[in-house]
Amino acid sequence: MEKLVISGGKSLKGSVDINGAKNSAVAILPAAIMASEGKCTIDNVPDIEDVHCLERILRSLGCTVNKLDNNTLEIDATDVRSVEACTDDVRRMRASYYFIGALLSRFKKARVELPGGCPIGVRPIDQHIKGFEALGASVTIEHGAVIVEAEHLHGANIFFDVVTVGATINVMIAATLAEGTTVLENVAKEPHVVDVANFLNSMGADIKGAGTDIIRVKGVEKLSGCNYSVIPDQIEAGTFMIAAAATKGDVTITNVIPKHLESIAAKLIEMGATVEEGDDSVRVYVERDLKGVNVKTAPYPGFPTDVQQPMSALLSIVPGKSLIAESIWESRHKHIDELKKMGATIKVEGRTAIIEGSEKLAGASVIATDLRAGAAMVIAGLVAEGVTEILEIEHIDRGYPHIEDKFTALGADIVRVIE
Ligand code: EPU
């Protein structure tokens with residue numbers, strides 16, 4: 001068992017390099033299976049457990065995966081021999097559902113176990129299924145696996161009922177090798193949707209409009225290997241921005257796309273922090289008392305749901321009342337009980353957390369109930385008086401590369417203990 005042990009109270013100072021985006025990488029890796037010739041060399045891949053999981057799944061399907069360095073993978077999918085992804089790794093993570101779209105697109109059939117992922121509410125895949133069916137596939141669910149099959153895939157007009165990152169990416173992937181043009185409407189506009197579209201285009205796809213409300217995919221006959229670099233992680237960057245403000249530090253967060261961080265920067269500025277934008281960096285520091293704010297999560301370019309939990313740790317030590325209204329996931333406040341163990345005063349009503357900022361938090365033994373909850377507990381531990389130990393950190397390792405090393409380099413007292 002591993003845990004993080006933090007002695008709080010140190011102000012973070014210095015600079016931290018952000019890794020590639022988890023939520024891009026976890027779609028790009030499955031999509032690489034669509035290259036029927038040549039190798040995909042993908043760099044800026046974060047060294048996280050979700051990526052390790054995908055590497056194993058790719059190998060189990062017959063891909064050759066070489067790790068050229070910690071952040072560069074070379075994937076050769078020319079000899080894929082199986083369209084069945086039914087291992088424990090598949091069940092463990094959410095993004096394994098991208099194998100449904102990718103295998104369907106290239107082989108016109110797939111059998112993929114239903115995905116797992118963070119316990120943050122009901123996570124249906126009805127919009128993925130609706131899209132695959134519109135493209136001409138039959139979709140059935142048997143013994144916990146999704147089975148898709150098509151004689152051939154054809155273009156279609158698809159209007160999503162909800163704005164969904166997963167279905168937008170998955171159906172875009174599936175449409176890439178379909179015959180004719182697919183028009184996707186009411187799509188997600190997150191940076192990682194654009195990144196996956198750019199990756200597919202680098203392999204030879206013809207996708208336009210990613211990042212707007214309408215994506216047009218003109219089907220092509222085949223995809224080939226390419227060289228590609230994953231965009232920086234908006235959520236990892238947001239987590240460090242919030243940690244800088246929470247510890248009243250001065251941190252420059254490098255290798256970021258500042259545009260992707262605007263909603264987070266705007267909230268920190270509203271609270272009283274200073275955020276300076278560089279070309280590929282943001283500097284966050286605090287020179288005056290911060291005040292409480294209201295946060296409502298929304299699809300991009302709104303405030304990201306994935307940063308809401310770290311934000312709740314910051315707001316719990318800022319005087320005054322703050323609200324966090326979670327509009328994407330119905331159950332993303334499980335970490336609040338852990339924050340309360342550290343002295344936070346927070347009430348959850350439905351999907352809203354009502355926070356009465358306390359002067360300080362006190363170290364305690366807490367658990368990472370999910371990935372971003374874990375990040376919230378790290379931030380709480382950094383500002384708390386005394387020692388905080390965070391258990392169940394496998395959730396954190398799924399999405400944050402070498403988190404303790406990065407915070408240590410900024411002056412935090414945080415160690416990983418293996419028991
Ligand atoms: N939804 C449906 N039907 C569907 C798909 C989604 O009703 O077929 C609903 C969901 O229930 C939710 C909303 O649509 O209420 C948005 O879901 P979305 O599909 O956008 O989420 P996702 O693709 O499952 C990804 C990220 C999440 C992030 C959300 C929202 C990955 C692997 N996961 O999930 O990231 O919270 O988008 O931005 O990309 C995280 O990184 O911590 C994380 C949970």
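Glycine too: its Cβ is placed from the backbone N, Cα and C atoms.
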Of the candidates ARG94, ARG283, ARG288, the one that TrEMBL places in the UDP-N-acetyl-alpha-D-glucosamine site of ARG123, PRO124, ILE125, ASP126, GLN127, ASP306, ILE328:
ARG94
If you measure between the CA atoms of ARG94 (UDP-N-acetyl-alpha-D-glucosamine binding site) and ASN23 (phosphoenolpyruvate binding site) and round to the nearest Å, you get 10
Based on Cα distances to ASN23 (phosphoenolpyruvate binding site), point out the closest of the binding-site residues ARG123, ILE125, ASP126, ASP306.
ASP306
If you tally other C-beta atoms within 10 angstroms for each of the binding-site residues LYS22, ARG94, ARG123, the top scorer is LYS22
Looking only at C-alpha atoms, tell me how far PRO124 (UDP-N-acetyl-alpha-D-glucosamine binding site) is from LYS22 (phosphoenolpyruvate binding site), rounded to the nearest Å.
21
